[in-house]
Amino acid sequence: MKKTLTAMLTLGLAAGPALAEGTVNVLTWEGYADPSFITKFEEESGCKVSATYVGSNDDFAPKLLGGGGIYDLITPSIDTTALMIDLGLVEPLDTAAITGWNDIYPKFLSQEGIQRDGAYYGMPYVWGAIAFMYLDSAFPTPPTSIADLWNPELKGKISLWDDKSSIYVAARKNGDMDIYNLTDEQIEKAKAALVEQKPLVRKYWATAGELVDLYKAGEVVISNTWAGYQSGLLKAEGVKVTEFIPKEGAEGWMDSWMVVKDTPNKECAYKFLNMQLSELGQCGVANVNGYSVANAAAAKACMPAEQYAALHQDDPNYLDSLQVWQALGDRFEAYTNAWNAVKAQ
Amino acid sequence: MAAIIELQRISKHYSKTIIGVDDVSLDVEDGEFVTLLGPSGCGKSTLLRMIGGFEAPTHGMIRLAGQDVTHVPPYRRDVNMVFQDYALFPHMTVGENIAYGLKIQGRSRAQARDMAVDALALVGLPDKIDQKPAQLSGGQRQRVALARAIVRRPKVLLLDEPLSALDARLRDQMRIEMKHLHEKVGITFIMVTHDQEEALTMSDRVVVMEKGRVAQDGRPQDLYDQPASPYVANFIGTTNFVAGSLTGRSPAGTRIASAAGDFTATADLALPQGAEVTLGFRPEKVRLLAEGETAANVVPGRIAEVIYYGLGLRTTVELAGGTQVHVDCLLPDSLARSAVPQPGAPVRLGIEPHNVFVFAGRVAA
Amino acid sequence: MIARAPRNLSALLVLGIPLLWIVVFMLLPYGIIVTYSFWLKSYPTFKPAFQFGNYLTLLTDVQYLQVLGRTLKISILVSILSLGLAYPFAWWLVFRCRSQALRTWAYMAVIAPLWVSYLLRAYIWKTILGTEGILNSFLMSTGLISEPSSLFLYNQFAMVVTLTYIFIPFMVMPIYTALERIPLNLAEASADLGMGPVQTFLKVTLPLSTPGIAAGFTLTFCLSFGDFIAPFLVGGPDGNLIASVIQTQFGAALNWPLGSALSIVMLIIVLAIVSLSDRLEATAHTGAA
């Protein structure tokens with residue numbers, strides 16, 4: 001009896017895609033499922049895309065742990081992908097079913113965070129730097145160092161991302177460059193630096209939109225930023241800002257698509273992955289969010305030369321200068337706790 | 001005796017057309033019990049509130065013990081009020097309620113408490129000092145309200161419909177008690193009521209009000225026996241009205257002709273012969289004449305209805321000309337049951353001239 | 001027997017449904033939170049245990065006491081400010097506003113923001129208090145200041161102002177109701193017994209409106225105490241409140257046990273305030289007719 005039922009259900013599932021009917025539910029960042037390129041995908045594949053947006057990497061685990069089960073695909077950043085694997089929330093990818101897999105920059109494919117036991121769990125998608133940004137009119141001499149975010153003359157005009165990454169920033173300012181393997185002592189030093197900086201801070205920004213508002217309203221003149229994204233939004237608003245990589249370097253980030261364990265919509269999910277790695281998806285997201293993309297071949301094919309250069313698509317030095325986020329594992333708590341303690345003061 | 005309250009041409013105009021009190025002048029003697037009587041909307045409560053200081057007159061002057069207090073706020077007037085629904089402070093005990101107005105008079109806490117005890121004894125509630133108003137019955141609250149008002153020994157005590165919230169039996173009892181209280185404390189009482197019986201039984205003097213004006217001002221018996229207008233005659237007790245015209249004067253009194261017959265009245269009005277008048281007489285001042293019996297005024301009629309009410313009978317008699325009047329008669333035990341008048345039977349009414357009121361003009365009975 | 005059965009059934013339904021609701025939507029979630037609060041954080045998530053380490057952390061790690069203290073301070077300030085604004089307003093509405101139309105209109109004007117999205121209401125204050133905001137433009141146009149001040153936004157002042165604005169209806173409503181219930185003749189009686197307006201207010205009106213004040217204070221306090229939107233929108237670097245910390249523990253820190261322990265502590269504080277105000281209301285009520 002039970003077997004018959006399973007068989008019937010399997011038949012039913014198999015029949016679905018044949019009729020070109022299906023849905024894919026994605027839990028992702030804003031812009032990663034933008035209608036500008038998703039509509040075309042929906043028409044061609046017959047898969048309907050239903051997107052839910054997150055505001056932070058911290059949203060993925062609670063949403064999936066809290067009895068989720070309705071999402072098929074997620075896009076955590078490279079410091080969160082390992083946690084997803086550790087939590088058993090995602091399943092290994094069938095890389096053979098993904099066209100263009102081998103066109104992905106080797107630097108991203110070599111990231112530990114997306115692999116486990118010889119299998120890939122994440123498909124690199126977009127990347128960028130946690131760059132720094134300043135309001136042109138406020139700086140006759142452009143800032144070059146993280147130390148400028150500690151400049152007392154800028155009191156009340158500084159903003160910093162409300163994230164554990166502030167520990168990375170403070171550590172680099174202190175000269176502790178191995179930011180993903182800080183000792184307790186180094187974390188304590190970073191914490192102290194952040195506490196010292198606190199009176200100078202106008203507001204810790206939590207969302208991309210919030211940072212844009214802060215610049216627009218004239219509240220802040222210098223901050224860190226998701227390279228390409230907020231500066232693009234501000235330029236569209238007519239606010240003149242410039243991104244820069246300070247001499248202490250910047251963190252790099254990379255978002256990967258991951259397939260949620262036991263998704264019933266596997267067929268549409270893989271169609272979606274293929275589209276996202278294709279020229280449609282790669283240039284689609286680059287145009288919407290201003291991020292650099294992971295597929296070197298697609299980028300070369302669909303980007304105008306100017307954009308290609310601006311997004312550092314063929315700039316190995318730039319890429320190598322970035323300290324790409326890493327999973328902190330059991331050190332995670334030490335970092336978040338330090339950051340929370342700073343905020344509590 | 002000096003006037004403790006002098007109202008001099010007091011008016012209260014709410015707007016050009018809405019007039020609460022209209023040119024009232026009134027003196028109240030020290031120690032008097034004066035009642036302002038009238039239906040709702042006659043201005044009696046407004047007048048009382050103006051004496052208390054809760055409202056200011058638009059015209060006129062109020063004097064209290066010779067002082068002009070027209071615009072003095074209530075908390076600086078030596079006058080206290082018993083409110084219609086008592087207005088006891090629900091968050092204070094009975095004792096605290098009574099002592100409330102004493103501290104401001106400079107009494108110590110102990111003194112205030114002693115005075116509260118005395119005041120409670122005076123109103124017959126010696127054991128309730130530590131209870132909250134919510135724990136008391138309506139009658140007890142009324143007594144507390146009285147105690148709270150008299151404990152300050154005001155020059156004048158104002159009572160706004162003080163008995164209206166009580167049931168009938170309690171009301172009768174409180175009437176007497178309040179009258180005794182007035183005699184005991186010797187404070188001037190000014191009461192407002194719409195209940196004529198209350199007014200008559202309790203007061204030294206009754207001021208009947210009509211549409212913001214004083215209709216008549218006098219001792220209860222004078223109001224009853226010599227009402228100044230049909231309005232007063234009808235508001236105090238019941239009065240039968242018969243339309244007539246003045247035909248002349250004789251040594252016995254004024255002669256009046258009506259469709260029901262001719263009347264002689266002791267009252268003399270300065271009216272010309274032929275003037276339209278209204279006769280009035282009270283149902284209890286009319287006799288149903290027995291065979292052969294006679295009176296100064298004899299009016300024939302026919303019994304229309306007989307209502308038995310224990311103490312006596314109220315008969316409705318239709319007079320010639322169609323006017324119906326009431327006649328009350330006690331049932332003397334000598335009167336045989338067969339002598340009880342039956343509807344349809346012809347009767348003769350006997351009325352003494354001094355019991356006949358004469359009012360100028362005609363009123364709708 | 002036959003006649004009794006349906007009656008028992010309907011009684012069961014009448015009592016059972018709300019009871020079930022309370023169990024499923026109130027007791028059960030609290031039970032879960034209490035249980036979690038004894039668990040242990042263990043990468044990547046947490047594991048069942050029975051230990052008081054989370055509570056101990058809250059007591060020993062100064063950051064939690066700091067935030068708790070700040071949250072208490074902000075909530076009390078919001079409640080006091082709301083009371084200071086709401087009481088005179090409600091008093092004026094009940095005792096001084098002669099026009100029924102004006103009273104209804106003014107009451108609605110204060111209550112109406114409740115129907116506007118919470119976020120929008122908080123955003124309004126961002127626009128007013130910002131460096132290039134309405135308040136600064138106004139002050140500069142009056143010549144009171146020559147340069148825009150950044151003192152109004154992104155600090156505790158802004159949080160108190162915003163929370164007061166958002167929660168003041170919860171202060172106005174119970175106070176208005178309490179004042180409206182006071183018979184007008186009590187004030188007259190007090191004046192009659194020689195008390196001036198100020199003494200009458202202190203001895204009669206104020207004590208009789210205590211239940212409204214207690215209810216309003218409790219509501220505003222508890223609502224502010226659990227708020228995390230205002231610190232996010234208008235709070236500054238020193239604006240971290242307890243609810244945001246709880247949110248962080250359940251989110252970024254993925255430390256549900258610690259978050260649960262914090263929630264329980266918060267619940268205890270709120271319950272203490274509520275029972276305190278209940279007691280206050282009960283004392284005030286014993287006298288009410």
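Each Cβ is built from the backbone N, Cα and C atoms, and glycine gets one as well.
Feature list (source: TrEMBL):
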| type | residues | note |
| --- | --- | --- |
| DOMAIN | C:68-277 | domain 'ABC transmembrane type-1' |
| TRANSMEM | C:12-39 | transmembrane segment |
| TRANSMEM | C:74-93 | transmembrane segment |
| TRANSMEM | C:105-124 | transmembrane segment |
| TRANSMEM | C:157-179 | transmembrane segment |
| TRANSMEM | C:213-234 | transmembrane segment |
| TRANSMEM | C:254-276 | transmembrane segment |
Point to revise | Distant-in-sequence neighbours of the transmembrane segment (C:157-179), which means Cβ under 8 A and at least six residues beyond its ends | key: 74, 77-79, 81-83, 85-87, 89-91, 93-95, 107, 110-111, 113-114, 118, 121-122, 125, 129, 151, 205, 208-213, 215-217, 219-220, 223-224, 227, 230-231, 233-236, 239, 241
Point to revise | the transmembrane segment (C:12-39) versus listed stretches C:74-93, C:105-124, C:213-234, C:254-276: most Cβ pairs under 8 Å | key: C:254-276
Check your understanding: Considering pairs 6 or more residues apart, do the transmembrane segment (C:74-93) and the transmembrane segment (C:213-234) have at least three CB pairs under 8 Å?
Key -> yes
Review point. Which residues of the same chain, at least 6 past either end of the transmembrane segment (C:105-124), have a Cβ under 8 Å from a Cβ in it?
Key: 89, 93, 97, 162, 165-166, 168-169, 172-173, 176, 229-230, 233-234
